[in-house]
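Peer 1: Take this structure first; my questions come after.
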Amino acid sequence: MATHSESSESTLRKRRVETRKTTTTHSDDNTPNNEEDTCKAKKQELVTLQTGTYWLTRIVLLRSIAFIYFIAFTVAYNQNKQLIGERGLLPCKDYLLSVKRYVGGKIDMSAFAYTPSILWFLDWTDMDANLDGIALVGMALSGFVLLTGTANMIIMAMLWVLYHSLVSVGQIWYSFGWESQLLETGFLGIFLCPVWSLSQVPPRCPPSLISIWTFRWLIVRIMLGAGLIKIRGDRCWRDLTCMDYHYETQPVPNPMSYYMHQSPWWFHRFEVLSNHFIELIVPLFTFLGRRMCMVNGTLQIVFQVTLIVSGNLSFLNWLTIVPSLACFDDASLGFLFSSGRGAKQAVLDLQAEEASGCTPKPTRGMLFRRVVNVALGVLIGYLSVPVVLNLLSSKQVMNTSFDPLRIVNTYGAFGSITKERTEVILQGTMNEDPKDPEAVWEEYQFLCKPGDLTRRPCLVSPYHYRLDWLMWFAAFQTYEQSEWVIHIAGRLLANDTSILSLMEYNPFQGRDNPRWVRGEHFKYRFTLPGSGPQGKWWVRKRIGAYFPAVDLVALRGYFKSRNWPHPDL
């Protein structure tokens, strides 16, 4: 048994040890080297966003891509049934059947590689429902990303697959260069996001610099492609006269086009020189450091806004703004976000942690993501080889894809400028004899393309009236080269509500069907302000007949030979 003195000494020793522990603890609490307090101190000092990170850039990019997707899917929902639906002008079901026959009669990987579309795997008994379903799901997903500013790889991949499915079967209605541009932009958007998380600022998934540079590389290729095709194309781009014609002859002018066309000759020369500078010189600023990259982004956005104001080029210019946004980092985009809360504050906290050296160690998921990002860079680099060779070639082609998935494409616009505007005007009559000089021919009006001389040019961008655009191309060709125009004529003879929904005015609304429909070819010009006929935006001169007067009886054999359903069935 221990004595009383030994017990007292033991108690004192325990107290000394506890005292030393307490002292050490207090000393450690007060030292400035404590890691947690150091992080907190540094975080408190960081009140402004630092350069070189792209958390907010990602949010802006995702919302911008989602906006374009939403417009594109809305256009698809409103117009697909009339254009590629069951009784559309060029039914996608017929197209899929022709592809199936071409690849050997089976729906296999050959068919899917030739036409990548989920429509292969859906029930074809109601193709209209399939097309509507794809468009509605696309609108819902893109609307979610647009409103929340959050997305993951699953959502962005679904949007890309859905729109690819429409473009692949859209035929001439989806043959515009901006369809491939949206697919490429949407594909790059997949790799901006975390796999699962729906956080605006997921701390374990910082935006990859490789991903940001894929967007920058896209805007460089878009602008260089557009600039080089002009220099190598129409002579008017070299003698600086193209803008003398562009505003009047572009596919679908808007009200500002009318006034821009009236600008003095020296201003049009300045516009062409500015165009060459923006498209051929400014993109190279991307590789000259942060500030010059931001100059490129700013000038490209201003340039695209100018084009939006001066014409209805669908969502092309809006879409071209998207990769330009990748030229800006968090510090330059911070003004777009509220201070003291939300995404901006989250980014400030993450930047403070990084500045203090308190960032968590990379997880397996983060390391795997780095591998994916490197793989993306290698893929884009590999697929860019033929694109760069095309840019360097004297035989450059524009708006072409070198891979079936349209991941990396060539771009360009207005390599040639039409010097005169021609329009196809569809007319109908109830007269029994179309050759009767007393016959009254009444005109159909499209939603946006020029027709009625007194109608003000429309303002519709970024929305896209696909039929109006194709009518602009048809005016350069014969009706034999654009047979779908005769298909429209047959539908008009039957007062087909599906096709008429793509038009603004039906002169036979609430009346008997027309007995004859014909196409007339006219040359259109803008009037001069104050000098033209009162209230008219256009003057026109008849060129001749585009296609002769036709009736349903005469079209029966024509429709049968092309496997089109007869309008009166």
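The backbone N, Cα and C atoms fix where each Cβ goes, glycine too.
Unlike curated records, TrEMBL annotations are generated automatically.
Owing to the predicted nature of the structure, the values given are computational and were not obtained by experimental measurement.
Positions annotated as compositional bias 'Polar residues' by TrEMBL: 1-10. Taken from TrEMBL, the feature region 'Disordered' covers 1-37. Residues or ranges marked as transmembrane segment by TrEMBL: 55-77, 103-122, 134-162, 371-392. According to TrEMBL, the domain 'Lipase maturation factor 1/2 N-terminal' annotation covers 174-333. Summarising the annotation, TrEMBL assigns domain 'Lipase maturation factor 1/2 C-terminal' to 407-548.
I'd like to know what surrounds each of these features in this structure.
Peer 2: Within the chain carrying the transmembrane segment (103-122), a Cβ under 8 angstroms from the stretch's Cβ atoms is held by residues 92, 95-96, 130, 134, 161-162, 164-166, 168-169, 404-405, all 6 or more beyond its ends.
The domain 'Lipase maturation factor 1/2 N-terminal' (174-333) scores a mean pLDDT of 96 in the predicted structure.
Remote same-chain residues near the transmembrane segment (371-392) are listed as 191, 208, 210-211, 213-214, 217, 221, 224-225, 228, 400, 402-403, 407-410 (criterion: CB distance under 8 Å, separation of at least six residues from the stretch ends).
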Peer 1: Should anything in the same chain at least six residues away from the transmembrane segment (55-77) have a Cβ under 8 Å from its Cβ atoms, list it; otherwise answer none.
Peer 2: 49, 131-132, 134-136, 138-139, 141-146, 149-151, 156, 159, 162-163, 166, 182, 185-186, 189, 192-193, 200-201, 206-207, 212, 215, 315, 318-319, 321-322, 325-326, 328-330, 333-334, 336-337, 343-344, 346-347, 350, 462-464, 466
